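Participant: According to TrEMBL, the record shows the following:
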| type | residues | note |
| --- | --- | --- |
| TRANSMEM | B:20-40 | transmembrane segment |
| TRANSMEM | B:52-71 | transmembrane segment |
| TRANSMEM | B:83-105 | transmembrane segment |
| TRANSMEM | B:117-143 | transmembrane segment |
| TRANSMEM | B:163-185 | transmembrane segment |
| TRANSMEM | B:216-233 | transmembrane segment |
| TRANSMEM | B:253-282 | transmembrane segment |
| TRANSMEM | B:294-311 | transmembrane segment |
Amino acid sequence: MTPSASRLSLVGVSKSFPGIRALDNVSFDVRPGEVHGLLGENGAGKSTMLNILSAVLQATEGQIIIDGQPVTLTRPADARAAGIAMIHQELQHIPQLSVAQNLFLGRPLTRAGGLLVDRRAQERRARQILADLDPRINPRAPIHTLKVAQQQIVEIARALLDDAKIIAMDEPTSSLTPSEFESLAALIAKLAAQGKSIIYVSHKMDEVFRVCDRATILRDGRFIDTVDLEQITEDQVIAKMVGRDITHERHVTHARPEVVMQVENLSDGALIREAGFTLHKGEVLGLAGLVGSGRTELLRLIAGIDRARTGSVTLNGKPVDLRTPRSAIRAGIGLVPEERKKDGIVRERPVSSNIALPCMGRFTRFGLVRRRALHAESTALMKKMGMRPPDVSRAIGTFSGGNQQKAIIGRWLAADVDILLFDEPTRGIDVGAKSEIYDLIAQLAQSGKSIIVVSSELPEIIRLSDRVMVMREGRIAAILDADQISEDAIVANAIPKSKGPVPAPQPVEARS
Amino acid sequence: MTDTSLPTRSGPRINLRDAGTFFGLVLIFAVFAVLNPVFLTAPNLINILQQSSINACIALGMTFVIISGGIDLSVGPTAAVSAIVGATLMIAGVPIPLAVMGAIATGMACGLFNGSLVALAGLQPFIVTLGGLSLYRALALIFTGGNPIFGIPPEFRAAINGLVFGVPVPVIIVAIIAGILWVVLNRSPLGEYILAVGGNPEAARIAGVPVARTKITVYVLSGGLAAVAALILTGRLGAADPTMGNLWELDAIAAAAIGGASLMGGKGSVIGTLMGAVILGGLRNGLTLMNVQAFYQLLATGIIILVAMLIDRATRGRA
């Protein structure tokens, strides 16, 4: 092997769809043993690039060269044969099957002349491969019993089983806890040391700087630059991604003294215990905590999605009926869920219909939907929120994550709720749209809405919140006032205290 | 990335999928018109509509259930029970309009039972309505001892078998129902709810859609329409047969599917389903005119359904 030569070279790769140039003359190379970031906003062409590398899509023009040899990738099997493996954001395995069965899915080790699956040989081989990655993973365990991080390691094991030279990871950390990220980072470093080339796609700048050696930046399908991450700052990279400077505005509070919502003694009989707090008019209350500390669960109780066992929520002095989301919405509470596709949108339906769902009554006269009024109002709403293009009669599924998020927020504006609950509002949303969402949240607070924001990103929480509530193991551990908010204070309250002596402050949440 | 399986243009007034169904309809009718000179005459076309009206009526209810993400296998027996109740009331001397309402209420009660088990008890629609299929059939057979009820009042028969401006009454009834249902699906909050519940039930719930109420409503609608179909058939036959409606559910599902309803929920069209019913009716009529045996008619029906689905798949892009 010649270490200086490139492992993978893309030369003038383009991909056109009818009416769209998704990739336009992109060239970059990846070296052996290198971790190479692939950066860009949603729609910049990262997914298209990955799809071309895994032969899900075929490039319209250009050449792909692996170890000096031009390769043609027309079917996924070609990519595998060329030594390219893909770790998808949404892990692709069959939950009920064992780790070993998943590893050998589609190409089992057989005996009796190919008639029977040789389970023992599969489990032996699986154990060998996993020993190097995470020996705690039992090859016989059904894969759904594993943690997401371990499931991901199984995917990596599958890539190694294929003897992949190039492993592409698409947003690998989107559902990992910070400590799991640390293990993944270590594993990636190890793979790189063995000479594997890693292509790492992520929205999280701190991770990219932590894990990657170099990074290629795409914008609007065009190659912008390949940068050495040792010699560039985060802000410079972001500026290249979005094509302009992102300003970090200081948070200005719009909180007013009057209490809008009072939550008392809320429990779900499982995780959430005796949650109580108040929310003021125009306030943004951050909700921090480790993954699994009950943040999402608490929001779902307040939004009437899950049933509370005890406790009450009072809004403007009136008790809220929390039995269904519908009744909570009537009272004035709306949730912007974390998993947009699953819990947020009806993808085949137009944006306008998605907006109108909670308040059809407002758009109905004599039993019929006033289409024109609905169209006009949702168009105005989406224009104001900067949806691009503001065509509300298009199916919402055709829009980017950021635009979908704006539509869900628009839904609650149309329904005129007083309280907006945001669960990870910028997950899966690119950097540019992210700051738009931040601005929106600030505007909502200014207009008198009261807001709770759950986020795993501490900088996000700190930037947005007037106060920060920290959850720990289903309880509210602390409520920090503006002058008490700091990453250290949040982290100190988020870590469970029962586990022996207090551990030294460790990075539990992503920092930037 | 944008999703290529969804329409990106702001909706043209005419649904593309409906245009495709219409093209299939024209094609099949053109073939029969060439093969048999009688096929495309006005009396025969009216005949086709008349023959398709019962299936169309059932299929419209089925379409709503399918769009909501469910299925109603119990429509045939629901029709039988409703017919029995209607006929019994008429013979007992209850005024015809009241007897008709009694029959429709019976159908809706069957639907309410199905819908409640689906929406409130959380059982799977396929299983619930499979149970309903046996249950309602059993009720009809037990109540009648397995014998048809004769002696339907001639006024009722005359009303069903009459013509208005040369168009058979059943066709007019179904056309009016279809018109109302088109408005419900495309212009009413209930239509939005049905499409949302079928497209993504959890997202719909979180957005405040009354999911249970919506689901129950579509089953009640389906049951009511089964009763209407039963009344039409009772009027035409002059008897209410407890074995009425055998395998109606399959024709209805076929018409809905040909018309573009997705069994995954969230998609379907009133106009498409009507055309689907007319395609099936026209096919049978044409083959009968050409003296093709019933066995081969069944074969042709099966082929048409599968071809329609393959074309549907191919034209939707994403495999």
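Backbone N, Cα and C define each Cβ position, glycine as well.
Show me how these features fit into the shown structure, please.
Facilitator: Beyond the transmembrane segment (B:20-40), the same-chain residues lying 6 or more positions past its ends with a Cβ under 8 Å from any Cβ of the stretch are 258-260, 271-272, 275-276, 278-279, 282-283, 285-286, 289-290, 304, 308, 311-312, 315.
Beyond its flanks by at least six residues, the transmembrane segment (B:83-105) meets 140, 143-144, 149, 151-153, 155-156, 159, 224, 227-228, 230-231, 233-234, 239-242, 244 of its own chain at Cβ-Cβ distances under 8 Å.
Sequence-distant neighbours of the transmembrane segment (B:117-143) (same chain, 6+ residues past either end, Cβ-Cβ under 8 Å): 65, 69-74, 76-78, 80-81, 84, 110, 211-213, 215-216, 219, 242-244, 249.
Nonlocal intrachain contacts for the transmembrane segment (B:216-233), taken as residues 6+ away from its ends with a CB within less than 8 angstroms of a stretch CB, comprise 53-55, 57-58, 60-62, 64-65, 67-68, 70, 72, 75-76, 78-80, 82-83, 86, 100, 103-112, 114-116, 118-120, 160, 170, 173, 177, 190, 194, 240, 244-245, 248.
Below 8 angstroms of C-beta separation, residues 15, 17-18, 20-22, 24-25, 28-29, 32, 48-49, 51-52, 55-56, 59-60, 62-64, 66-71, 178, 181-182, 185-186, 195, 197-200, 301, 304-305, 308-309, 312 of the same chain, each at least six residues beyond the ends of the transmembrane segment (B:253-282), sit close to that stretch.
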